[in-house]
């Protein structure tokens, strides 16, 4: 197939259906952009989860007998419990907080409660870092109910609740992207049908002189793929602009406090090839299926 003829057919088809082409480009850009946004949220959540997992601690609160009478964990009950915990293979480090230390630590984190919280409200505790914070349930189950243990609090569960919000946002973005993708598929199918119909006479003549089915249908596929590629590029540029003009300013205070991982240009560029591939593949598969179904001769 001559490249010049093929290029001319593609340009002619796009020009004839300019309104539908623009609609398809915009719909593809929106759906791919939303999908890319969902991927960035997933990447943000994964990177931020790594930050928090490095800080995750398990707190073993001790009974009132130890809290009231043992300031340095020297009683037999406290020493036995500490030795049992430190002997575990999954424990990375352990430190003891007596009641005064627990009160000071709480007031340092929440100074607004200084006038309402009494020292007796805070039990002594062990602050423990596990070798693998994700696998904390075995430790919790083994420690809970031991002599001297009041309760066990694992921050991993609190972090999971926090990131459930981010996971929910990414799910919403993916659902909206799916709806937009369905719209893009319908537009691609309609565009290919209209393009084939408007050139039915030319196609008929070409088939009469021996042109293959693939030869006559390839321009329609390329039209859809070109439009989808433009839409995907617009989506990628949109993500870069959104990162520069919106995300960086909106999330800067969270970045400074090291509460969430940064969304860098590298993250956008990381997902960009997948977005481009998705747009082209979506157009190619839809166009091919449409031609197989509606253009049978």
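Note: Cβ is positioned from N, Cα and C throughout, glycine not excepted.
Swiss-Prot has this to say about the protein:
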type	residues	note
TOPO_DOM	1-21	topological domain 'Cytoplasmic'
TOPO_DOM	43-171	topological domain 'Extracellular'
TOPO_DOM	193-219	topological domain 'Cytoplasmic'
TOPO_DOM	241-267	topological domain 'Extracellular'
TOPO_DOM	289-297	topological domain 'Cytoplasmic'
TRANSMEM	22-42	transmembrane segment
TRANSMEM	172-192	transmembrane segment
TRANSMEM	220-240	transmembrane segment
TRANSMEM	268-288	transmembrane segment
Most CB pairs under 8 Å with the transmembrane segment (268-288): which of 22-42, 172-192, 220-240?
220-240
Positions on the same chain near the topological domain 'Extracellular' (241-267), where near means CB under 8 A and six or more residues out:
37, 40, 43-44, 47-48, 50-51
Along the topological domain 'Cytoplasmic' (289-297), what average pLDDT does this model show?
68
